[in-house]
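The following features are taken from TrEMBL:
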REPEAT    9-50  repeat 'WD'
REPEAT    51-82  repeat 'WD'
REPEAT    93-134  repeat 'WD'
REPEAT    135-176  repeat 'WD'
REPEAT    177-218  repeat 'WD'
REPEAT    225-259  repeat 'WD'
REPEAT    260-292  repeat 'WD'
């Protein structure tokens, strides 16, 4: 069944630049050239929040893994961390010396990687937004940077026409993929962490194996590709292009499945929800669209279950059907299902508890940051008062 349009959000006053779903699919964050960040609620009766703070275009947004924070990067050279609630409080830090094009949380929610027109990729702690290190081998603007699912690698894409792979621990560039005919707009890791996909101004999407550093798949389109997102099953890829289309690629078959026409003008950004049952797109037409992923529903539902519980639903669905492009994941064995059911439930409960704790930590971190900012302001005011007092005393004395 074809993907279908589920919701349509209007409210931005300029091109939408970035979209991301929260973990529970209840919220969608978008950034725009109108300098605003918006949080849309998927429940129809809930209002959207508009967050104002950036002084220039917001170019990237992302929810933290727990969904309790949203990071945004802007042309104003700063990164902000927001609490996605009515108040919309945020902490701001000057991240780069030029436009920030990309923000991405590590999967444990502890680190943030940012990419900028100052040609660097930087890594920060989310807690207190402490700067950790810079990766600076690109010789032009860096459009995009992402952590691998296990957090050990970072991939970055640049207008120097390269995609670079970095080791987070040694901070060294392990490999440069240079076979792009144009700038690279967007790059991301396959959920298995074994390959990356890159979208370029040469109208292509290329999939590379990061273990052998070889090109696995090459899709040639008719327009600049602005953004891409892997389906959580790892079997599909959705892209957004300048010809206003969204395309769904079947990675197992190595072919185009669907072309969707929704936007008027360039489709600028696209992202699957964390469970893969929806995807959202944004365009130069200021519109945000949410689509229901109707294709292959049973199949990827099973795939995701398999990944979560570590057992095969019926012994045939493997976590990932072996892609001819060299992605091989462990095949799962069917064991005694009764025991596994309990185990799975326990694991889920544990995961939920951890999720909750992480969320609380996020909020605490945020609160501390906001308090620190307020304290600094108070200290500044106090200093000012004391200086004025001195001046008054001196003027009286003289």
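Positions of Cβ are set from backbone N, Cα and C atoms, glycine also.
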Would the repeat 'WD' (260-292) count as touching the repeat 'WD' (9-50), if touching means at least three Cβ pairs under 8 Å and pairs must be 6 or more apart in sequence? yes
Sequence-distant contacts of the repeat 'WD' (177-218), meaning Cβ under 8 Å and at least 6 residues beyond its ends, amount to 143-150, 153, 155-159, 161-165, 224-230, 232-234, 237, 239, 241, 249, 251, 254, 320, 323-329
Same chain only, please: residues at least 6 beyond the ends of the repeat 'WD' (93-134) with a C-beta under 8 Å from a C-beta of the stretch. Say none if there are none. 59-66, 69, 71-75, 77-81, 140-147, 149-151, 154, 156, 158, 166, 168, 171, 358, 362, 365, 368-369, 372
Here the mean pLDDT of the repeat 'WD' (177-218) is 92
